Amino acid sequence: MTDVDKKDPQYKQIFLERFRKKLQSDKTGMSDLESFVELPEGITPVAASIGPIKRGSEPLPPWLKLNVPKGMTHRPRFNRIRRSMREKKLSTVCEEAKCPNIGECWGGGEDNGAATATIMVMGSHCTRGCRFCSVLTSRRPPPLDPDEPEKVAAAVHEMGVDYIVMTMVDRDDLPDGGASHVSRCIRTIKEQNPELMLEALVGDFHGDLKVVEQLAATPLSVYAHNIECVERITPRVRDHRATYKQSLQTLEHVTKWTNGKMLTKSSIMLGLGEEEEEVRQTLRDLRTAGVSAVTLGQYLQPSRTRLKVSRYAHPKEFEMWEKEAMSMGFLYCASGPMVRSSYRAGEYYIKNIVKQRENAKGATTMEAVTAADAVAAGA
């Protein structure tokens, strides 16, 4: 529009009118953005859109529309956990990720003695940029809080929960990935809460097995590391520093190094473009690595900048995967659309497995651990 001065008050209106006419007179037979914009190589028109960005191409299916229980904020245990976290300025994945199961987990103790909460340590900024995760990313996050282990331990004591899940952000900027800090958090929590069952959901620490051993040597009840998705789509879904084989190696090493006495756990998301046989193979790979507990849940896009959902798996499919996982030899499997890696982590069955394995810690063979698992299964 070289014939119209940009300073002209009518410039915008004239431009829009001419652009509309160009769209109407298009003779290419194409009516999308590709007709008017030369996109860079490797970028398809699907990657660009005009208008409001939607969180998914389809509306949520009915099984993902939950009714929030009324009166949850008036339940004593729910409020006690929330108040303790606020006062000590600590973060929970339950709130950060807007988990739909927060009421069931935090208030669980009032119904079945299995209240759980998930605390995130080492700050709120991660050095990795997985495309499914909503946690903030930074190359140089703020320094660690040296008082965090004591704060977390005190908060856990005040919560009065039976089972705590402690997760972490990746800190590739630190020499040991933050393992020494996480280890101190674990030991401090257990010192102040000796009867508590503690699950640590940790990263891969670049596959440094010595660092993995450092964490496995702490008084943990469950060592968890999520494989997240099937192998084929891992490069697209996870940060390039997190690989499928590295995750399997981490989990397998914990099992072997502890002679099977440490319960290992992992999680798989559905709805990222995986095929049925790929999910089955991932379960096989986890079981071969010695993983005893697994969860499967529906991936939901946390923000506009994250990966879109490829499909919504039906509840019947999740039931199928639970049956298959148990038939493969997993001791525990939680599988459902709203299941997350820490979902009802402290429920009776998994707690019983942990107790039986702790009783078998004096044993020196895998057979003794297997016998303990059999006792737990029959409880």
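Just so it is clear, glycine is given a Cβ too, placed from its N, Cα and C backbone atoms.
Per Swiss-Prot, these features apply:
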BINDING   CYS94, CYS99, CYS105, SER342  [4Fe-4S] cluster 1 binding site
BINDING   CYS126, CYS130, CYS133  [4Fe-4S] cluster 2 binding site
DOMAIN    109-331  domain 'Radical SAM core'
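Within the same chain, residues at least 6 positions away in sequence whose Cβ sits under 8 Å from that of CYS133 ([4Fe-4S] cluster 2 binding site) are CYS126, PRO302, ARG306. With a cut-off of 8 Å between CB atoms and residues at least 6 apart in sequence, the same chain places GLU228, VAL237, ARG238, ASP239, ALA242 near CYS130 ([4Fe-4S] cluster 2 binding site), listed in sequence order. The 10 Å shell around the Cβ of SER342 ([4Fe-4S] cluster 1 binding site) contains 29 further Cβ atoms across the protein chains shown.
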